[in-house]
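*Asks:* If you scroll down you'll find the structure; I have some questions about it.
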């Protein structure tokens, strides 16, 4: 039976861990917490993933909880989103003592910044907040960040932003139960689609490696898979706006989590989906066969909705992965090299590193 | 002085100052694994002060023992409360006070759900959603002004 094996437990945070983010190319993990710090963790020996040490602490710049952390695509910088409404940009001081320094502070949100994300090219940064807005920032030289756009179509808190893996296309998830897709037309950012279907807050979203699908995690205790349909798609899904693709829910994964789902990660190494939340359990799904349950062409024509309820194949379910605590974050290692690694962070203040064993 | 939202609340008689629960054999034994029940939860929250009136949640009938569901085995607690009037703008604050009280007193293994009793508030869905959003609760508790108000309401909790 496939299972998750715990490789290491990383202790150090003094409050709940909100988010864990892998370095884009190295076996280094950044985690952030209610203790207002980010910790950087590194395997002491690349061959032995059971021994980790904290090699850096980012502190002093944020006065309140750090809700999320994200590495720039080149791994040179970290962005932190805090309840203090600001976004911090951090760099390792390679010439000096090797400590991480806050080199820029992005201000503008009216209250808590919930999530930040760098575009694949590293040229853009997106932030979102309880103030219902999503901001797009252009990364300029000398740690300057210029706000290109303030997007205000969500009607409630925006919980998370995520960039498409290759295109300059942004997805945002909200307390208003929707996911919105944002694109730009000559630097003019607009909402190209609004994905409705979840019955409660959408806490997390992640793209699959191709960028044609999104998985979303919600307080309604389901995961949904959304597929992009471009104009003239062979399935016959209607695309009402000229030249604009639409995203449709193609499967709703039900019957597993029995409380809020806070985090979801779609592996770019092997395509498995991991999710976790307030039911203390990490689940690993194989959802490759979801389309076997897709409706027939006639049914799609009748409803214009390809989606259906779907159980998914649960490969592994680790109960009490952080004891009786909520799990706020799960993240697959981003590349093949250690693609079987999964990091998790919980309300217990611990960070855990797991490995999926598939026999 | 600002106008009270509910100027003439109905006042109910509170039970005896101390716990209404009967003394049990193993109560004095700290090692005992006595399961937590609805009465115990009720005792924790009934003496919280209302944000508007110098009265307890029990005196205003905002909390009642019968509206508390506990499963010690499943680590779950559901507290339903009844705002004094259906448009009570204090409902979220009252719910937050109950949540903070239980956060501070209950073992962390418990998952606590708090909601207004069905049909007792005009913004029932919005209030419930906010009270059960852990991120909003965490952010609220980092707001020193709000925390002070919560602490004032909790000062009377025994």
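Using N, Cα and C of the backbone, Cβ positions are placed for all residues, glycine too.
Got these off TrEMBL a minute ago, pasting:
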type   : residues  : note
REPEAT : A:10-51   : repeat 'WD'
REPEAT : A:59-91   : repeat 'WD'
REPEAT : A:106-147 : repeat 'WD'
REPEAT : A:151-182 : repeat 'WD'
REPEAT : A:195-227 : repeat 'WD'
REPEAT : A:254-288 : repeat 'WD'
REPEAT : A:320-359 : repeat 'WD'
*Asks:* The repeat 'WD' (A:320-359): which same-chain residues, six or more beyond its ends, come within Cβ distance under 8 Å?
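*Replies:* For the repeat 'WD' (A:320-359), the nonlocal Cβ contacts are 1-11, 13-22, 24-25, 27, 29, 31, 33, 35, 39, 41, 49, 52, 262-270, 272, 274-278, 280-282, 284.
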*Asks:* Can you tell me how the residues of the repeat 'WD' (A:195-227) break down into helix, strand and coil by DSSP?
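*Replies:* Output for the repeat 'WD' (A:195-227) reads 0 helix, 18 strand, 15 coil.
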*Asks:* Counting by DSSP, what is the helix, strand and coil composition of the repeat 'WD' (A:59-91)?
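*Replies:* Counts, helix then strand then coil: 0 helix, 17 strand, 16 coil.
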*Asks:* Treating G and I as helix alongside H, and B as strand alongside E, what does DSSP give for the repeat 'WD' (A:151-182) in helix, strand and coil?
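*Replies:* Reading the DSSP string over the repeat 'WD' (A:151-182) gives 0 helix, 16 strand, 16 coil.
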*Asks:* Over the repeat 'WD' (A:59-91), what is the model's average pLDDT?
*Replies:* 97
